[in-house]
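Feature list (source: Swiss-Prot):
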- 347, 407, 410: [4Fe-4S] cluster binding site (BINDING)
């Protein structure tokens, strides 16, 4: 029987399947952080359970950490408590932790790929919605809730249903100045914020084949913004080259055996997909969101739409509400709207290639004195590499602040936030109301 890539990975991890097609799946890698794990560990203690496979569990601090100084007190009492609990939990249950004093600390979805923890064919889970990032490697990866975090810690398995398959083929020649972020924003605009609901989306096509691993991670990272369970891309030579010689990657004879297996991880030619889309990006311009949903997107040279231009009542009401919250008028150009802050960072766009691209634009230029701008590398390793290349100096000389790794302004959960009414041009993944701080406009 022909299978999609998703079906191959799903089926190979079934431990038990009931008559209602609900499966117990084996989990290869469990990523945890300070926010969604404390209650799970408390429940383990109360039930006198152990972590079943601590060697397949990895932790870091990222959501709450200060990006200005390495001080556990710097983000407030709640953040301090959560970080202290993570240290205690990892020590008690023998889990590897990159805490704020570890030079490699950073965003969990940046660290795992760059260290070679993320491998093709794995099932990877984390108490974070953007776990779909790891799908760029041909892994099945998705976010889970706190009760599920406890279940995986205790059993190294998870109960799941099989989702539908969607194929999004991206074709054409990538125009100048268009990035992977532009491409995925355009796809979200086309398919809608719920267009992927109930599906695992496989991205393919000549555009994907030309992308670097970091670009593919950006695409899969934002599959969740279409409502998808996850996004996934079949591994290829680009994948293997990226993983070779990483700290946690296979080596020696194991490397060759792994390559042989990874080459089987692709959808069969006649595999069935429940939905298929082909999207040509040859004429695409840079994309930017104007509203409060990731599908409220326009090209940089387009006018902000009128809410009556949308088809459904729900879309009209959403657009009307977004225009009011954002303080924007239909028919205006976003290029004429002033901004207060700029954020370069997040698990979507805080890798070394992202920083290189931004630094090229900023070299020998100065930002407005009225704008506060920060760059937050995705990990200690990214920060160190950027500094070796002198990128930090380019950012600082242009007027940006060069920060320490963390989730930072992607979410209003630390000291990096917008004030009420402030506008931010952000490289992150969500533009919800209050996402970057109460009353902030992303």
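Every residue, even glycine, has its Cβ placed from backbone N, Cα and C.
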Point to revise | Assigned conformation of residue 347 ([4Fe-4S] cluster binding site) - DSSP reduced to three states | key: coil
Review point. Other residues with Cβ within 8 Å of the Cβ centroid of 347, 407, 410 at the [4Fe-4S] cluster site?
Key: 62, 63, 107, 109, 130, 345, 346, 348, 350, 406, 408, 411, 428, 429
Practice item. Could you check what DSSP calls residue 410 ([4Fe-4S] cluster binding site) once collapsed to helix, strand or coil? Key: helix
